[in-house]
Amino acid sequence: MTERKPKGLVLCGGNSSRMGRDKGLLSTEGNLWVDERVETLSPFTDGCLISIRAEQRTEYTKLILDREFVEDFYENIGPMSGILSAHDLYPNEDFLVLACDMPSRDPWIFSELLNLYNSNPGKKSYFFTLEGKVEPFPAIYTSELLNEVGLKIKKSDFNPSPKNILERSNGIGSDVPKEHFRAFLNYNTLTDLTVAGNSK
């Protein structure tokens, strides 16, 4: 059976207010974080999009060549804005979504997620649980799930958090072994970066 691959999506549209600078354009050893995330996803996906806000386009397209961008269309719904905007562009695609501030390249994480995806067709989402709690990224959001979310998003009582959406979807999760916990770290402040550098 041919292995299915979702389309990749790297989320860079956050305001990065706690970091004080655009996290997607931070660099490690000369490599932009956004480029590193795309390269991390590439072996496990069928192409990759980068989600940005409209005001980020000039800077991103100047620094990042040969990448496909999608601008956030929705307002005030957090990360789901980027995910739903990508879904609007490719309504029949499932998306493997990764945040730009998650630097792990742990191949087990993405191999396990892809295996979960291919071994359990028909589920609406594929994700990890860390000590019993659902992790919103990296995760696979199917076109079926995103179509449902798109219909609900304008309702005043709808909670648009990715974690809530995954918890309530007809999805399937995989428990993360302790040796892979670090793959789910994300860096929100300069202090986080300093601590991470000192812990290596």
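Each Cβ is built from the backbone N, Cα and C atoms, and glycine gets one as well.
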From the candidates Asp46, Asp101, Asp106, give the one listed by TrEMBL for the same GTP site as Leu11, Cys12, Gly13, Lys23, Asp72. Asp101
Just to be sure I understand, if DSSP states are collapsed into helix, strand and coil, how many residues of the domain 'MobA-like NTP transferase' (8-149) fall in each? 55 helix, 37 strand, 50 coil
Would you mind giving the whole-number mean pLDDT across the domain 'MobA-like NTP transferase' (8-149)? 93
Counting across all protein chains shown, how many other Cβ atoms sit within 10 Å of the Cβ of Cys12 (GTP binding site)? 26
